[in-house]
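Per Swiss-Prot, these features apply:
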- Gln5, His62, Glu114: Fe(2+) binding site (BINDING)
- Asp61, Cys95, Cys96: roxarsone (III) binding site (BINDING)
- 2-118: domain 'VOC' (DOMAIN)
Amino acid sequence: MSRVQLALRVPDLEASIGFYSKLFGTGPAKVRPGYANFAIAEPPLKLVLIEGAGEDATRLDHLGVEVEDSAQVGHAARRLKESGLATVEENDTACCYAVQDKVWVTGPGGEPWEVYVVKGDADTLAKADDSACCTPRDSGSAGAAVGADCC
């Protein structure tokens, strides 16, 4: 089963967990310091909450499509490249308390999208040094929006 991912940067993680638990009628699947995610069955959605530092309002962090296996990530990467989109591929990257394979693209408005599979748990929210995940936005670089913030 594939599902769309919506990652939000929120000013108050605990309040957001409470709100989204009520909204979707289910608690989070994973809670870690500064991070929570919900695996919502209906509608099929992976909702990711990332605590923002000193932010007053919730904002979009990035979008994604969670797939079942690494082969689907590879297929998406090939399809996206063949369609002319610039891609950034990552394999076995630790991000958002998970080990993932993924491919990033950027929409015309600068919105980062990832197609990814979760392969297991990780001990850290932050990215590896060579990963596009969890990188602060830098409007000065051409590929900055690809994987601009985090998962």
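A Cβ is built for glycine as well, from the same backbone N, Cα and C atoms used for every other residue.
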What DSSP reports for the domain 'VOC' (2-118) is 25 helix, 56 strand, 36 coil
Among the binding-site residues Asp61, Glu114, the one whose Cβ has the most other Cβ atoms within 10 Å is Glu114
On average, residues of the domain 'VOC' (2-118) score a pLDDT of 93
Within 10 angstroms of the C-beta of Gln5 (Fe(2+) binding site), the count of other C-beta atoms across all shown chains comes to 20
Spacing of the two Cα atoms, Gln5 (Fe(2+) binding site) and Cys96 (roxarsone (III) binding site), in whole angstrom, works out to 13
CA pair Cys96 (roxarsone (III) binding site) / His62 (Fe(2+) binding site), Å rounded to integer, equals 13
Integer Å value for the Cα distance linking Asp61 (roxarsone (III) binding site) with Glu114 (Fe(2+) binding site) is 12
CB neighbours within 10 A of Cys96 (roxarsone (III) binding site), counting all protein chains shown, number 24
The number of other Cβ atoms within 10 Å of the Cβ of His62 (Fe(2+) binding site), counted over all protein chains shown, is 25
Cys95 (roxarsone (III) binding site) has its Cβ surrounded, within 10 angstroms, by a count of other Cβ atoms equal to 26
One should report the C-alpha separation between Cys95 (roxarsone (III) binding site) and Glu114 (Fe(2+) binding site), rounded to whole angstrom, as 12
